[in-house]
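Pulled from TrEMBL, these are the features on record:
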{"type": "ACT_SITE", "residues": "B:E327", "note": "active site, proton acceptor"}
{"type": "ACT_SITE", "residues": "B:H328", "note": "active site, proton acceptor"}
{"type": "BINDING", "residues": "B:Y130, B:Q191, B:N214", "note": "NAD(+) binding site"}
{"type": "BINDING", "residues": "B:S237, B:Q259, B:H262, B:H328, B:D361, B:E415, B:H420", "note": "substrate binding site"}
{"type": "BINDING", "residues": "B:Q259, B:H262, B:D361, B:H420", "note": "Zn(2+) binding site"}
Protein chains: 2
Amino acid sequence: MPIRIDTASADFTQRFNAFLTMKREVAADIEVATRAIVDDVAARGDAALLEATRKFDRLDLKASGLRVTPAEVYAAVAACDAETVEALTFARDRIELFHKRQLPRDDRFTDALGVELGWRWSAIEAVGLYVPGGTAAYPSSVLMNAVPAKVAGVERVVMVVPSPDGKLNPLVLAAAKLGGVSEIYRVGGAQAVAALAYGTDTIAPVAKIVGPGNAYVAAAKRQVFGKVGIDMIAGPSEVLVIADDSANADWIAADLLAQAEHDANAQSILITDSERLADDVILAVEAQLTTLPRAEIARASWENFGAVILVEKLDDAVPLANAIAAEHLEIMTADPEAFSLKIRNAGAIFLGGHTPEAIGDYVGGSNHVLPTARSARFSSGLGVLDFMKRTSILKCGPDQLRALGPAAMTLGKAEGLDAHARSVGLRLNLR
Amino acid sequence: MPIRIDTASADFTQRFNAFLTMKREVAADIEVATRAIVDDVAARGDAALLEATRKFDRLDLKASGLRVTPAEVYAAVAACDAETVEALTFARDRIELFHKRQLPRDDRFTDALGVELGWRWSAIEAVGLYVPGGTAAYPSSVLMNAVPAKVAGVERVVMVVPSPDGKLNPLVLAAAKLGGVSEIYRVGGAQAVAALAYGTDTIAPVAKIVGPGNAYVAAAKRQVFGKVGIDMIAGPSEVLVIADDSANADWIAADLLAQAEHDANAQSILITDSERLADDVILAVEAQLTTLPRAEIARASWENFGAVILVEKLDDAVPLANAIAAEHLEIMTADPEAFSLKIRNAGAIFLGGHTPEAIGDYVGGSNHVLPTARSARFSSGLGVLDFMKRTSILKCGPDQLRALGPAAMTLGKAEGLDAHARSVGLRLNLR
């Protein structure tokens with residue numbers, strides 16, 4: 001049974017806080033093992049990368065075989081189901097349209113003193129995209145990472161994807177092609193992250209690494225952070241549905257299970273002011289579980305981490321939702337739009353009963369890489385800005401330097417940085 | 001003597017690459033020690049925080065004494081030199097004006113299918129600002145961190161600053177007041193970072209931690225990353241000056257030394273096409289060093305990490321500058337504006353001889369917290385966006401779901417996520 005808590009009960013705050021701080025993932029102690037792999041690839045390049053690939057993916061390659069060739073990609077795309085490729089293309093186009101609106105504007109202005117100020121945005125030159133192997137290899141995620149990078153103007157989008165026993169998912173290769181990926185290497189794990197960060201003879205280094213991965217990949221990303229940029233460290237996924245009595249219990253149950261089927265550590269939460277709806281959703285979840293292919297995973301998630309929270313009135317859901325800061329928030333109330341304006345912390349909001357989160361996962365156009373584990377309190381979903389950086393610009397003439405200089409000299413001296421003050425004073429013939 | 005390399009020499013590429021990858025900081029092996037402190041504060045709260053403060057800052061406090069009182073702040077401001085407070089106020093106002101232009105716009109649009117899409121920006125609710133104690137306590141840095149947070153709309157800006165032996169820098173408290181800091185606690189080190197991340201009885205937790213610190217602070221920030229957001233890990237500072245024969249050697253020397261005086265690990269680089277200028281700058285540096293209060297630090301930086309790179313023609317400086325990706329780039333050429341357009345990787349660009357970097361450090365208005373150690377290849381200076389997050393919004397009606405649903409179902413099934421497909425199909429009476 002999922003956790004069921006009621007704001008009317010005396011111990012609500014205590015139980016809600018316990019729920020909030022509940023750990024869904026146990027961090028494995030793999031830092032030392034990961035560092036050994038990363039350091040080895042940093043030091044020995046291709047040789048270390050090939051050894052690790054032999055060991056972990058049971059794949060015996062030469063350096064010349066690391067790169068997936070255009071012919072292989074072409075063959076993979078040809079082997080894919082045509083309808084699926086069409087759906088991927090449809091998704092790609094919508095993701096591209098949405099993300100083009102995120103392109104930031106440069107700014108340049110002259111203030112009252114005549115000082116010219118501003119900034120210029122530019123794309124990161126080369127980005128690495130980690131794609132997991134096995135069952136977690138989602139072609140949709142390839143699009144969600146690659147398309148914003150291309151929209152930003154990144155020239156080199158370098159994909160790494162492990163091919164355990166030599167197997168690659170053709171749809172992942174098709175998504176890479178559609179997403180504009182420039183190079184693909186059949187390597188994974190900490191060794192692939194290290195290769196992207198430090199470069200090898202075969203793989204030129206990148207400046208930033210994005211994309212989800214297992215605990216080793218996450219640990220390796222933390223370790224190379226600073227040498228290169230990284231995106232957020234993704235945790236298990238979660239959905240919060242806020243619904244009133246008017247909502248459809250079957251639809252909510254389906255959405256809770258769509259989240260739960262991802263991973264036994266995923267989390268599905270319903271907050272409602274309707275006890276009737278709460279009961280109906282719980283029954284509907286049970287009914288739908290009986291025919292779900294991934295029922296075992298979904299049931300584990302629902303029973304261990306699922307939650308139904310009953311509130312007296314719907315507005316009581318607002319502080320709870322802001323504390324949960326869900327990756328995905330579905331609002332199915334009489335006026336979802338008005339309710340959504342009260343929400344501050346959420347990765348993405350899905351308004352009304354006809355916007356199941358699965359639409360956002362695939363074809364809505366917005367990004368499905370979103371902050372998990374309450375990190376929507378301080379971070380955003382992936383977007384074009386993650387693939388760009390801003391350079392600020394400052395320009396003074398002699399008059400402006402005369403106007404600003406004395407205050408700068410005062411502050412430089414106050415901070416004990418005389419050379420700072422002097423660099424201004426010298427130009428103004430002041431000491 | 002600084003490193004001197006010439007693009008005309010046969011081993012240039014080799015020497016430049018060695019220069020690029022030269023380590024200026026040796027990472028101390030303090031992860032284990034830091035983790036013990038962080039875990040202790042997470043587990044025992046105030047008691048652990050007070051113990052660590054007694055041990056590391058030689059300061060015996062009770063929990064009630066952790067917070068710096070408004071009366072203390074008032075007294076500190078009253079004790080400051082009036083001219084310096086005036087300069088800080090002038091800086092504050094300019095920083096505020098500049099950063100207000102960075103406030104992002106929300107977006108909402110309806111696409112051709114009638115799908116409503118968009119996003120909303122909101123401020124992070126609570127941010128921690130780490131301020132180092134001792135000589136590295138710069139009031140200007142307090143402003144550079146606090147003002148963008150306030151412009152973003154952050155309600156709680158919580159400053160922590162160690163007070164070794166009970167000493168606090170009055171100018172730092174004055175800057176906190178001017179910058180709109182809401183709470184100040186006299187704690188530092190890994191223990192302060194842990195208190196901000198996990199909260200104690202006295203210090204309510206924040207959602208993100210920014211600000212520079214020593215190796216322990218940096219290690220603690222890495223460790224709490226995920227639990228809270230963090231800004232970049234700042235490395236030693238650097239300046240790159242690109243100049244032609246028209247530039248003033250004394251001014252350049254002064255700017256190189258302004259960088260070098262920060263820290264023995266700071267780096268000052270000149271790239272020029274004028275051998276005459278290169279020689280003059282080196283002589284001017286020596287001359288100015290003789291009268292500089294922080295000559296010892298500046299000389300160590302200049303002799304160990306300083307560099308003068310001679311290029312045949314100025315355009316040859318472009319790829320070098322983009323590879324160096326300097327935190328600060330000064331351009332002193334005949335047409336600095338035109339030259340700057342060729343630069344892709346730099347934290348901030350200072351145009352022309354009358355824009356010494358020290359102006360940007362204090363009163364230009366742009367932020368002086370900038371990406372160091374080549375990280376301008378993938379990251380930006382601190383700004384308003386660092387204190388905000390974006391929530392994406394998606395809204396379909398029945399018609400839009402009918403238009404988008406089939407492709408989403410196809411992709412869900414292709415990824416083996418049947419519950420995803422079902423959450424759409426159920427609403428459309430499709431299976």
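For all residues, glycine too, the Cβ spot is worked out from N, Cα and C.
Positions of the features from TrEMBL, shown on the structure.
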{"residue": "B:Y130", "record": "NAD(+) binding site", "contacts (Cβ under 8 Å, 6+ apart)": "B:V160, B:V161, B:G188, B:A192, B:V193, B:L196, B:I209, B:V210, B:G211, B:P212, B:G213, B:V217, B:K221"}
{"residue": "B:Q191", "record": "NAD(+) binding site", "contacts (Cβ under 8 Å, 6+ apart)": "B:I37, B:V38, B:D40, B:V41, B:A48, B:L49, B:A52, B:T53, B:F56"}
{"residue": "B:N214", "record": "NAD(+) binding site", "contacts (Cβ under 8 Å, 6+ apart)": "B:P132, B:G189"}
{"residue": "B:S237", "record": "substrate binding site", "contacts (Cβ under 8 Å, 6+ apart)": "B:Q259, B:H262, B:D263, B:A266, B:Q267, B:E327, B:H328, B:T372"}
{"residue": "B:D361", "record": "substrate binding site", "contacts (Cβ under 8 Å, 6+ apart)": "B:S140, B:H368"}
{"residue": "B:E415", "record": "substrate binding site", "contacts (Cβ under 8 Å, 6+ apart)": "none"}
CB contacts under 8 angstroms to B:H420 (substrate binding site), restricted to the same chain and 6+ apart in sequence, sorted by sequence, are B:A408, B:G412
Chain A neighbours, taken from recorded positions B:Y130, B:N214, B:S237, B:E327, B:H328 with C-beta distance under 8 angstroms, are none
All chains considered, the count of other Cβ atoms within 10 Å of the Cβ of B:H328 (active site, proton acceptor) is 26
Around the Cβ of B:Q259 (substrate binding site), other Cβ atoms within 10 Å, all chains included, total 33
Most Cβ neighbours within 10 Å, among the recorded positions B:H262, B:E327, goes to B:E327
Taking every pair from B:Y130, B:Q191, B:N214, which the record gives as binding NAD(+), the longest CA to CA distance in angstrom is 13
Widest Cα pair spacing in Å over the listed substrate contacts B:S237, B:Q259, B:H262, B:H328, B:D361, B:E415, B:H420 is 56
Not counting B:Y130, B:Q191, B:N214, residues with a CB within 8 A of the CB centroid of the NAD(+) site are B:P132, B:V160, B:P162, B:G188, B:G189, B:A190, B:A192, B:V193, B:G213, B:Y216, B:V217, B:A220
